[in-house]
Amino acid sequence: MEHPQPLSALLGLTSNEGPAASARLPPAAAAPSAGAVLGLRVTAAALLLLLLLLPSLPASSSAPLLGGAGAAAAAMKPCGEEEEEEGAAGGGGGGGGGGGDPWKECLELAVQLALRAGQIIRKALTEEKQVSTKTSAADLVTETDHFVENLIISVLKEKFPSHRFIAEESTAAGSKCVLTDSPTWIIDPVDGTCNFVHRFPTVAVSIGFAVNKELEFGVIYHCTEERLYTGRRGQGAFCNDKRLQVSKETDISKALILTEIGPKRDPATLKLFLGNIERLLKAQAHGVRVIGSSTLALCHLASGAADAYYQFGLHCWDLAAATVIIREAGGTVIDTSGGPLDLMSCRVIAAGTREMAMFIAQEIQTIHYRRDDEN
């Protein structure tokens, strides 16, 4: 495995003599620990250079923020078999609308960061990885998770110093997971880490944004298929400029359902997990699928490729961005009890119709996980 690129290369500099030349990741041979990687910080000089680059990007640009992604935005594949003029009219994947949107700049920066993170993840997917575990042997983390999260947060903090952050790896390292009324970024740097470790190409970066505890927008980038999903409250949801629309199926016997197993693998949890699948199959669902990425499963729902999704044991960073996208695509996102969604509860049902969501709520049994805000 080659050594990770220095930040100067990630910024698009062709020489190691630039102001970010000293900001290098440790060589792979050093096998950095998760704690050491978490401690990496982008240098002040590198951040200054990065921020100087930001104004040069057009306001509507969806080009990668940190340079050289091979025109990722322009080359992104359409999300359906047909193009739609309506989607194109949304502009930039639903990227903020007119000048009256107070969070337009935040959304545009989130798109650029997601594309740049996707480039890093794509490159790392086929390389050897340093893997650690968190809460269980099935709860994995890599140096790429830490690097991408640190990169995203460093840029956002410099641009928006008053904003708050909830992010997967920071929370795992002990940061409090509390949603306040302040503008808050909710970040999963690599969703589908187990897939990523095994080079299974279903991996995403997810960036959600909330103000006054209200989810304002979500950005999810499917790193290998180069599909950019965006949703802005009140302005619709898009994938690569194609407007998204959920399925309107209400009959469980015609439904494809998605789910994921959480990190718990004890016998009692496995029995409940498999029992819930059995109940839905006995109700004559067409099928139940597990793809290894909560955010991308929810994006499939938003695209109309599945009819419902449920899970116990997912986190707010798995759910925040996707919730906006599903709602703006016309779908329903609720608690597994059938009540309103609680972002910190680590459980969810999402569906194209409320009828489908409520049917699933009545069928499945609860698997208990500690709330995100209790850590």
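Cβ coordinates are placed from backbone N, Cα and C, and glycine is handled just like the others.
Reduced to three states, the DSSP call for Asp191 (Mg(2+) binding site) is strand. Its Cβ taken as reference, Asp191 (Mg(2+) binding site) is surrounded by 31 other Cβ atoms within 10 Å in the chains shown. Per TrEMBL, Mg(2+) binding site is recorded for Glu168, Asp188, Asp191, Asp318.
Feature annotation from TrEMBL assigns compositional bias 'Gly residues' to 88-99.
Residues or ranges marked as region 'Disordered' in TrEMBL: 77-99.
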Same-chain residues at least 6 apart in sequence whose Cβ lies under 8 Å from Asp318 (Mg(2+) binding site): Asp188, Asp191, Ser206, Ser294, Thr295
Beyond the site residues Glu168, Asp188, Asp191, Asp318: chain residues whose C-beta lies within 8 Å of the centroid, for Mg(2+): Ile187, Pro189, Val190, Ser206, Ser294, Thr295, His315, Trp317
Most crowded position, judged by CB atoms within 10 A, among Glu168, Asp188 as binding-site residues: Asp188
